[in-house]
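Undergrad: The following block contains the structure, expressed as structure tokens.
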Amino acid sequence: MSMACYYLAAAAAGLALLLLHAPLTDAQTLVPLCGDSGNYTEHGTYHANIQYLATSLPSYASSSPSLFASGSSGTVPDAIYALALCRGDTNSSSCATCVAAAIQSAQELCPLVKTVIVYDDTCILRFANDAFPISPTSNSQGMVVAWKAQNVSAAVAPAFEAAVVRLINTTADYAATDSVRRFGTGEEAFDETTFPKIYSLAQCTPDMAATACRSCLEDIVGRMVSGNLIGRMGGRVLGVRCNLWFEVYPFFSGRSLLQLPGPSPSPAPPVTAAGERSKNKRSAILAISMPTIALVLATIAAWFCSTSWRRRRLARKTLRPKSSEDEMQSFASLVLDLQTLRTATDNFSEHKRLGEGGFGVVYKGDLPEGQEIAVKRLAQTSRQGIEELKTELLLVAKLNHNNLVRLIGVCLEENEKILAYEYMPNRSLDTILFDAERIKELDWGQRFKIINGIARGLQYLHEDSQLKIVHRDLKASNVLLDSAYNPKISDFGLAKIFERDQSQVITHRIAGTYGYMSPEYAMRGQYSMKLDVYSFGVLVLEIITGRRNFGSYGSDHVVDLIYVTWEHWTSDKAIELIDPSLGNHYPVDKVLKCIHIGLLCVQPKPADRPLMSAVNAMLSSTGTVRLPCLSRPSFWVQEIGATAS
């Protein structure tokens, strides 16, 4: 939380607030509430349902346009009902990370407790053994009230309180009328000498009706007024169904969705004789300074000539830890200056924008010699820090394969973190595969070429390169396509180098994309080359079916694609899963072989998944080939609308 000092209170029916002390400081961003509805048995059915929740709920929430998911898993008495809501100003990647961390924190801070609520800055999580009504009145069950320790001064308090009430009510109105996200942010001009602006944020769960959302927020406004939060320098009331927040500094991402004018400014005082004298004095100073301009320009020219050398020196110094001299030499040749990239992208203009992810924004650029590049400009608030940047640089600079994206250069000037890659005209696989119109560009030949190319790229990483590398974040959006739809694996920020005799690593920092993670990695932090094999299996099924790894698929349940594929495979109906846009223009035996390989790659035990060299052998084989037998994969089923009252 971006605050100097906040005090908290829990208005939680049957919930205990776990805090070692108040006030809450910057280091404490998590507020867990542990319920008293009973405990579950470790390794029992309810515990297993929580584990399924951990692997699936982050995907469902982060892939939703509203960054919201609710549902249930299992049957009574071990059914678990879950709800996750990410703040409307966050992005999909940050949403998935926050929800996953909240689930993990819930189990660590409220061990074996059936009902838990976790409030984080960017997401809210609740799971319990009973459904949670879609009602404003249910918001007080597990509510947290937090306020800034400092009051505003008595001189401005009346005007400040009136401004806060006006702002939070207007923001609440905006959020209630947002039919997709039920989210709003606002700012109001106040007083240049004390608080230039006041900022606010309001949000409800998107499954609430507009009137119910506004009623829920109205209750919070009342609590803020009666509790004298509006006279503080900041305050928030957090509930599972709705929340409201105001500060005297911008605390949300992006521009405010609404702006309110402040009080009319006082008229400027008339110009006095003293003012005229001051103006004349400034003119005299300017006239005296003019002869020095030539000297200043000469100094600037000398500085400019040394800039390129210093840029390279800075980049090498930034990346020097844990890097050998050879690595640094290979990196130094990749340094690009910021002005070149600004010129190439028209100063990072919107019309050059290709897309946006959890790291920041990607732009199309044109270098002076005519080369087209993709410029990945990491946001200042990006989770991808200097270590991830260093990993990507030092790995990609050493790798050379037709199915891996090629790094063109890097820029670290002025606190920027920018990577430039070869430009891929067809962008990422997900932009075609999950687009109802563009998917028609991919006939079976193109799809099989993409599957083959990804498999060859992974074999190079795992077995054939001078390094043994686990990518850890293989997914459709990290597979780029050139003009001929040849695939290239990209984004090595999470990649890890393995020793040649190393088979498995355990990490406490689980990073990647839920839905593509293997069970042993998502649940226990264990990863190996077989993590990438699992992700590849998911990709194969997505490419063949044209479907994401999660969705309703015409039923009253949200299920993952692995589950749907397995059910069709064991019923000898796998042919029904093939993307309808292919028509009948595909070789049935080859498609079924690819489905078999996809299911083989998502086997629950890592040892049962093939090496990528074996996958490539299976893909390139002709005629009848006996493939290994399959076991039932891991998957999760979520009932739609299960949290409705």
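In case you wondered, yes, glycine gets a Cβ from its N, Cα and C as well.
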Undergrad: According to the record in Swiss-Prot, which candidate from C98, C204 pairs with C123 in a disulphide?
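TA: Looking through C98, C204, the record in Swiss-Prot gives C98 as the partner of C123.
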Undergrad: Of N91, N347, which does Swiss-Prot mark as N-linked glycosylation site?
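TA: With Swiss-Prot as the source, N-linked glycosylation site is noted for N91.
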Undergrad: In Swiss-Prot, which of these is labelled N-linked glycosylation site: N39, N426?
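TA: That would be N39, per the N-linked glycosylation site annotation in Swiss-Prot.
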Undergrad: Which residue in the list C204, C305 does Swiss-Prot annotate as forming a disulfide bond with C213?
TA: C204
Undergrad: Average pLDDT across the domain 'Protein kinase' (348-619)?
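TA: Here the mean pLDDT over the domain 'Protein kinase' (348-619) amounts to 86.
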Undergrad: Work out how many Å separate C98 (disulfide bond) and C86 (disulfide bond) at their Cα atoms, rounded off.
TA: 8
Undergrad: Within 10 Å of the Cβ of C123 (disulfide bond), how many other Cβ atoms can you find? Include all protein chains, please.
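TA: A count of 25.
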Undergrad: Looking only at Cβ atoms, how many others are within 10 Å of the one on C98 (disulfide bond)?
TA: 25
Undergrad: What subset of the recorded positions C213, L354, V362 lies within 10 angstroms of C95 (disulfide bond), using C-alpha positions?
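TA: Cα filter at 10 Å returns nothing.
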Undergrad: Just give me the nearest neighbour of V362 (ATP binding site) among the disulfide-bonded residues C86, C123, C204, C216, C242, Cα to Cα.
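TA: Comparing Cα positions, the closest of these disulfide-bonded residues turns out to be C86.
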Undergrad: Can you tell me how far the Cα of C242 (disulfide bond) sits from the Cα of E356 (ATP binding site), in Å?
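TA: One finds 28 Å between the Cα atoms of these residues.
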Undergrad: Quick one: Cα separation, C123 (disulfide bond) versus G360 (ATP binding site), in Å?
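TA: Here the two Cα atoms are 19 Å apart.
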